[in-house]
Amino acid sequence: MAASELYTKFARVWIPDPEEVWKSAELLKDYKPGDKVLLLHLEEGKDLEYHLDPNTKELPHLRNPDILVGENDLTALSYLHEPAVLHNLRVRFIDSKLIYTYCGIVLVAINPYEQLPIYGEDIINAYSGQNMGDMDPHIFAVAEEAYKQMARDERNQSIIVSGESGAGKTVSAKYAMRYFATVSGSASEANVEEKVLASNPIMESIGNAKTTRNDNSSRFGKYIEIGFDKRYRIIGANMRTYLLEKSRVVFQAEEERNYHIFYQLCASAKLPEFKMLRLGNADNFNYTKQGGSPVIEGVDDAKEMAHTRQACTLLGISESHQMGIFRILAGILHLGNVGFTSRDADSCTIPPKHEPLCIFCDLMGVDYEEMCHWLCHRKLATATETYIKPISKLQATNARDALAKHIYAKLFNWIVDNVNQALHSAVKQHSFIGVLDIYGFETFEINSFEQFCINYANEKLQQQFNMHVFKLEQEEYMKEQIPWTLIDFYDNQPCINLIESKLGILDLLDEECKMPKGTDDTWAQKLYNTHLNKCALFEKPRLSNKAFIIQHFADKVEYQCEGFLEKNKDTVFEEQIKVLKSSKFKMLPELFQDDEKAISPTSATSSGRTPLTRTPAKPTKGRPGQMAKEHKKTVGHQFRNSLHLLMETLNATTPHYVRCIKPNDFKFPFTFDEKRAVQQLRACGVLETIRISAAGFPSRWTYQEFFSRYRVLMKQKDVLSDRKQTCKNVLEKLILDKDKYQFGKTKIFFRAGQVAYLEKLRADKLRAACIRIQKTIRGWLLRKKYLRMRKAAITVQRYVRGYQARCYAKFLRRTKAATIIQKYWRMYVVRRRYKIRRAATIVLQSYLRGFLARNRYRKILREHKAVIIQKRVRGWLARTHYKRSMHAIIYLQCCLRRMMAKRELKKLKIEARSVERYKKLHIGMENKIMQLQRKVDEQNKDYKCLVEKLTNLEGIYNSETEKLRSDLERLQLSEEEAKVATGRVLSLQEEIAKLRKDLEQTRSEKKCIEEHADRYKQETEQLVSNLKEENTLLKQEKEALNHRIMQQAKEMTETMEKKLVEETKQLELDLNDERLRYQNLLNEFSRLEERYDDLKEEMTLMVHVPKPGHKRTDSTHSSNESEYTFSSEIAEMEDIPSRTEEPSEKKVPLDMSLFLKLQKRVTELEQEKQVMQDELDRKEEQVLRSKAKEEERPQIRGAELEYESLKRQELESENKKLKNELNELRKALSEKSAPEVTAPGAPAYRVLMEQLTSVSEELDVRKEEVLILRSQLVSQKEAIQPKDDKNTMTDSTILLEDVQKMKDKGEIAQAYIGLKETNRSSALDYHELNEDGELWLVYEGLKQANRLLESQLQSQKRSHENEAEALRGEIQSLKEENNRQQQLLAQNLQLPPEARIEASLQHEITRLTNENLDLMEQLEKQDKTVRKLKKQLKVFAKKIGELEVGQMENISPGQIIDEPIRPVNIPRKEKDFQGMLEYKKEDEQKLVKNLILGNKPRGVAVNLIPGLPAYILFMCVRHADYLNDDQKVRSLLTSTINSIKKVLKKRGDDFETVSFWLSNTCRFLHCLKQYSGEEGFMKHNTSRQNEHCLTNFDLAEYRQVLSDLAIQIYQQLVRVLENILQPMIVSGMLEHETIQGVSGVKPTGLRKRTSSIADEGTYTLDSILRQLNSFHSVMCQHGMDPELIKQVVKQMFYIIGAITLNNLLLRKDMCSWSKGMQIRYNVSQLEEWLRDKNLMNSGAKETLEPLIQAAQLLQVKKKTDDDAEAICSMCNALTTAQIVKVLNLYTPVNEFEERVSVSFIRTIQMRLRDRKDSPQLLMDAKHIFPVTFPFNPSSLALETIQIPASLGLGFISRV
């Protein structure tokens, strides 16, 4: 297809623009050949006519499709040209905040001027071992590629970092070195990698300075060679430096600084060690104040000085040498302040005793007068004589500056030499990686000698770069067997010849320097004469005769000739150097020793560092000729030699290129200046790379990728089984011009633009398909809408017509109803009017009659109430007088009773003390306490009787008083009534006339009074109603307050519960953190221990074994794994002769006793710390309680406790004595073998039996007393310390159990109220008894006696409960046996037939063995009975024999007949195994070797019971414990632990081995717990298992050691899992398309990504699931605890999620919608696996939550604010940095997807700014969750375990 055919309507192009360099536009109509004008539409909305060049007729550059914008590799762009490169870099830098981009083999790095979190150790681990195209561009990817190629190809590598000042070259080189130091590690313990990194701050301080373009600009070039050994670990480094900018020492431009070290010295001048330097502020020195900017924002020079000194110390530069360096630097500063005074035009002087010069001379240790003289004079030598000439002030100033520059350059060289010595390694270097940090192409307004040398170096580097790119292109074509056509590329050899060839610029410059009167002007004329008009690259400026122009590869540069000769000669006066050489300061002459040595290109001084200063004058007569010859070497000559040496080094290595770009000149973060970027892209060769790639076939696809991408353009009949032929057939149809593509062996090569054409065809096809789908769907939707509307219209019509009909019927009904209503309404109105009138009449009558009646009633009522009021008042007065009298009487009684009580109290105190003393002296005090109790009860009864009598008397008195009061009131009333009656008669007689006269007035006032009464009544009613309302309001307020109180109580309860939950969670988190910290320390201890063993083995091998050959490790090997795999060469040297192993065996095993002591001490300290912390937490809460308890607690308790403890000890001692006596009696009985003594009927036997019986009875009595005393002691402790810290948990547990026993809330509330009342009443009782509480003590003593009786009752109850519990235990054991049988039956049914038969046989053998053992026990009991009966029979037979002897004394011997003796059958006792294994001490090593070192886990796991080695080891430990042999126990456990460590070290990368020994170690640990004899572990045992508990030794400390060992094995297991899973995770979870066809393959660049199509060698999700199944089945076969399996699975899933998410965050090509769907499907498959294995409750699913949310984030909408809110609420497991990173990396795979806008990302950032989460971008894939080992007892009986012969343990025997 012709390129012009792509210029159709709506095609987008790039047109030049003076401001933006390139501007995007869109074609408004198709281009036709011959058109001279293009109609364009700009993005800002304007239309433009673009005129084509009539000469070239070149069309504007086409713009790439949007899906290709932002690609990782610029060569992946379909159109390769300058605007496409610039736009791609800008989009990545501004929109996606990505600073790295590939351009073929070049990494383009743009300086962000901002700290980015992309250089942490987690990022290094993520890039380690990855292919370069698999991850996003990064400096670490380039470093990893160099490291990998060095290991794979065994060829040295170089990383060339270039760019202009401020572009970030130094930082990039620093990060590359840091990557090598982290990944490779060091071959020794000298921390070489730290030393290599420590060289950076030193070189930055003495070689970097602030410029207008960069705050930390490197003013010299350097090439660092990092050396590696055969295992590719860092062993050392070497540094070469180039062209130090010495002029900066004496001059700085505006806003610039001198070298950092000077300002660091001035900032640290106040330090005591720097007082002698007599420094001050930087503004006080001429050499540091010229720039006017002594401070860099954000940089603390004092801190930087500390870092510099620390780095010097790390590199081995002693303190004395450091102070020497600082003295010389301070001397340079003081030298710059030396001033000169002119005498005349040709001479000058220095003021006498000039302070700066004095300080300089003191610091340098030189003579003041001599230095003062030679600063103002110089020596001239002719052929015949030598004379001294004064110099002018200007010459003296220049000579002073030249001396300062020379001293600094020498010091710089000396420091570099010392750094190289510190980094030098004694081990032979196998290979190296060089990092070249060198200045980029420079062009300024005024360019001088420095710019000339820099650009000359860049010409050489560009030539090497072009050749390398050309070579790679050629190799690619040849490998794919594509016809090679010569590509024309820019060759800058002519420019290099112009500079360095014979009669070149440098040659003429050196020649002019040799001329006595050579000047810059004469040199310029020679240049014009030699090269002008002869070399096309050399030009002369039109308006200058002192400059020349060179056409470099990047641009034309005009150089000013002024200063070239002086800088090339680098003149300094020889006499001044001699003065410095004669210094008393030893370090100063060392700097100038190189002046006396021959200089060669390979020496340290001429290897490109600052060239030596030279004197132009001829040497003196005494100087050798060779030295004179060497001094003739100029700066240009040395630089050319060093540059040739550098190029030789680079050509002998494989180069890797990093081009640093400065985005703007103002150091603004993430600001892109297109003009400046284009200049640098042209200068650094990036565009040249693009041009070379574009000239051939830049776009390359594998056949599979092409088929996957463009399958949509193929028809079904075009698809063949052969993908290669399919692609050929399709391409021949799509692209007719066969020159536009080529078919290689594995790839298809396309010309520039062809991929864009294919993408256009693909997009058109997809667009047509989308249009068809949209058309069909829209038609279906509209038809559906029409039918719905038609149906709705018919329905509406039906309802409207019905509504109208109903409305008409309703109108007719309403008309008829209205008529009826009118009739009835008129009738109703008339009737209502009549009723109203009648009712009004009746009401008037009733009110009038009621008014009259009420008046009469009110008069009678008023008189009655007056009588009642009088009665009540008189009664109240009488009662008041009576109460006052009673109160006085009661008060007198109280006083009297108080006095009597005090007397009684004193008596009671005396009596209590006497009781206490009596109780201490005598044992039977309980009876007297009972008597006291009875006395107290009698006193209480008397007190109650007296109270009852007093109550009766008071009642009688009150009744009589009331009777008298009533009589008195009656008499008073009668008297008052008589007086009233008399007064009334007189008044009536006197006022009859007045009343008659006032009758009319009374009648007139009657009406007023009635009105007043009515008003008063209304007011009273109103007042009553108000009071009722107020009462109602008060009731409501009361109810509200009650409700509020209840609510507050509920809220407080909920708050306390929440706080309790939160505190519990926090404690759990703290516990996990502490456990993780402990396990990390344990891991570090294990690593150091392994390292120590390895070093010891290496030393042994170095002494006894010849050195093995080199074996190269995998190139992807990381330093994080190196510490576990460093013994790869030693692994084969296992079987060393025993004579060499014996001394090591004494040292290698861990000193377990010392370790246990240390561990015990650490545990005690931690416990003390925890106790102190708990006490501190509770202190505030316990202050008041403790004070109150201390006041209330009786002191008598201490004496009681002491007495009870003494009594308990006495009883226990008596108990021991009785036991000893019993044992002695039994022993005596066993020793007395005479039948007459041991016979049951013998007197001695009966006496002993009686004594034994009495002793047993007394022992039982003593036991009961001990139990009673212990119960009393416990109760007393509870009374004294009811809330002691040690019993808090137990008390709370008991309280919880009691509360749980209560049935409902009412019982709980009632108990709570009762508890409160008890506490309150008890507190009140304490104060009511007396202030000291002694009566309460007596009362408590009585209670103790009651408790003794209760304890006896409880003991009897417990005995019954124990019997019932034993019966229940037997029932439970039978149930368990039944369940076990059922489980075995179910398991057998699930097995295949062969395994079922084998399992049934095994079960039958076990059953028969158990039955056999039971029968043996019964037989043994019967044998015992038989033996007992035989003994009795023997006794009786003996007695009968004695009688017969007495009877046969009369029989003669001849009558005695010999009877045959019947043989006695002696039964053999069957052996009862006790679950122990016996071995000899000398067989311990054999036991360990056969059981641990030589054991194969695969066979054991399949054929034998799980945990068999652990059971065998424990049974051996049991036997040693049975023998009470502590040495044997210690030796066996130590050997076991060390042997397990040895096995894991030898086969630590085998999952089955590690899993097997983790399972056995845990089982061994559980056995030590289960049979330890501790009650907490014994409750799960059977009675038979409890008999097997250890009896002599407490192995709790060894349990801790085994727990630590199990933790180490678990961590090793996790590392093995990680090593196995890590290669699978990225390929299976991200790259492989589990759902085929969902994600399309985008065009890729030169650095190919890993294909997502599953090849034979790639991993898929099924591979991961198969591996997980393998892990799970192995762990189950080994009998690993289920809880431990859950923890392992959780760790595995965390590793999968973390690695997948980390790679997703570092791979832009993986952040798409389709990839999110793939990830979610893969996660669902993992969840399904968890369900199948019944592991959903293991916490593994939660570890995948960040990955799930990241996948959801890729799929959700990302446009509106609602979407942002949804994302913020959804992604709670992701950090802000991760969310923003995913959004920035989101890349559309098809044109129909949209990118995430920058504004949306900023909205997300604004919403998440308050979220407090980690700023770390990546998850810590190396994190290991803290592991726990829950106790899991075994139901297996030890005595039933059989030892197979395959283990080779025939030397041990069962006991």
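Cβ from N, Cα, C; glycine included.
Features reported for this protein in TrEMBL:
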{"type": "BINDING", "residues": "GLY163, GLU164, SER165, GLY166, ALA167, GLY168, LYS169, THR170", "note": "ATP binding site"}
{"type": "COILED", "residues": "915-1098", "note": "coiled coil"}
{"type": "COILED", "residues": "1155-1231", "note": "coiled coil"}
{"type": "COILED", "residues": "1339-1439", "note": "coiled coil"}
{"type": "COMPBIAS", "residues": "600-613", "note": "compositional bias 'Polar residues'"}
{"type": "COMPBIAS", "residues": "1116-1128", "note": "compositional bias 'Polar residues'"}
{"type": "COMPBIAS", "residues": "1136-1148", "note": "compositional bias 'Basic and acidic residues'"}
{"type": "DOMAIN", "residues": "8-60", "note": "domain 'Myosin N-terminal SH3-like'"}
{"type": "DOMAIN", "residues": "69-763", "note": "domain 'Myosin motor'"}
{"type": "DOMAIN", "residues": "1534-1810", "note": "domain 'Dilute'"}
{"type": "REGION", "residues": "598-631", "note": "region 'Disordered'"}
{"type": "REGION", "residues": "643-665", "note": "region 'Actin-binding'"}
{"type": "REGION", "residues": "1107-1148", "note": "region 'Disordered'"}
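Across the region 'Actin-binding' (643-665), DSSP classifies residues as 9 helix, 8 strand, 6 coil.
Of the listed binding-site residues GLY163, GLY166, GLY168, the Cβ environment within 10 Å is emptiest of other Cβ atoms at GLY166.
Per DSSP, the domain 'Myosin N-terminal SH3-like' (8-60) is made up of 0 helix, 24 strand, 29 coil.
Using a 10 Å Cβ-Cβ cutoff, LYS169 (ATP binding site) registers 27 neighbours. In the predicted model, the coiled coil (1339-1439) has a mean pLDDT of 70. Each of the binding-site residues SER165, THR170 was scored by the number of other CB atoms within 10 A of its CB, and the lowest score belongs to SER165. Cβ neighbour count for GLU164 (ATP binding site): 23 (other Cβ atoms within 10 Å of its Cβ, all protein chains included). ALA167 (ATP binding site) has a Cβ environment of 25 other Cβ atoms inside 10 Å. Other residues of the chain with a Cβ within 8 Å of the Cβ centroid of GLY163, GLU164, SER165, GLY166, ALA167, GLY168, LYS169, THR170, the ATP site, are ASN111, ASN214, SER217, SER218, GLY440, CYS660, LYS662.
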